[in-house]
Amino acid sequence: MIPGSLRGVLDVSNTTWALSEHSVLQPMWDYLQQNHESTLRSPLFPVIISVSMYLVLVFFYTVLDLLAPTWPSIRRFQIHQDRTVTWSNIGSTLALTTYNHLLYIIFPAAIAQWLWRPPVPLPREAPTLTAFLLGIVGCTVVFDFQYYLWHLLHHRVGWLNRTFHALHHQYRQTFSLVTQYLSAWELFSVGFWTTVDPLLLQCHCLTTWAFMLFNIWVSTEDHCGYDFPWAMHRLVPFGLWGGALRHDAHHQQPGTNFAPFFAHWDWLGGTATMPAHVKTKTRKERDEKEA
């Protein structure tokens with residue numbers, strides 16, 4: 001039995017931690033509600049932040065692509081250092097991306113958000129930090145499983161591949177604009193799951209928006225064509241995250257690495273692989289250590 005005095009200390013500690021955890025996001029949420037409530041309640045808000053995030057990331061990586069041929073400090077992080085992203089590559093992918101955004105994202109997504117998420121009073125309280133982080137992780141895990149199955153089917157079923165998915169694989173070596181170089185069906189599927197998964201997990205709207213941005217960030221990073229030290233696959237331990245290297249391997253060997261984020265489904269399904277040059281580099285480094 002815990003003595004009364006000690007139990008009181010534990011209760012106070014738990015209460016203090018709960019209050020502290022709750023207060024992390026509350027000031028920011030109060031500021032947003034007080035100054036931008038009408039914007040936050042707009043059905044277009046999730047669309048605007050998603051598209052804006054994508055364009056900012058694409059602009060950043062495209063600038064790197066254009067500078068890489070003359071800047072060795074950038075070039076050395078490219079997965080395929082013998083390949084240059086040309087203005088022709090940028091133009092063709094940007095044209096389809098712009099078309100898709102206007103016709104298949106902004107217009108229908110605005111209508112869908114209006115129907116599914118009509119303007120409602122925002123919750124007064126922000127999510128606790130734990131709920132916020134677990135919500136993002138939960139949505140990411142669910143989305144990863146959904147897309148793994150969807151992606152696998154679109155490679156194994158010839159009609160689905162030819163009709164919808166082959167467009168994305170016109171580029172065997174990825175760069176950021178390939179991220180949404182997709183058919184309308186693919187774009188709709190990804191947008192549908194990104195919108196519905198937070199609803200299924202009953203996430204706070206702040207968590208929902210954060211998941212949308214996180215999804216776009218890691219999707220763009222997967223296609224960016226760079227292996228930076230701060231990339232997700234280097235930050236997440238034990239090789240649990242797929243990342244740019246494994247997704248580049250998927251474009252090289254389309255029968256492998258179907259999961260968009262985590263690596264466990266491909267391990268379990270026997271479809272996991274790494275690019276040949278990475279295997280060679282790893283083997284060389286191991287041999288040098290043994291020598």
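Using the three backbone atoms N, Cα and C, a Cβ is placed for every residue, glycine included.
TrEMBL lists transmembrane segment for one of the ranges 89-111, 204-226, namely 89-111. For the domain 'Fatty acid hydroxylase' (137-271), the model's pLDDT averages out at 94.
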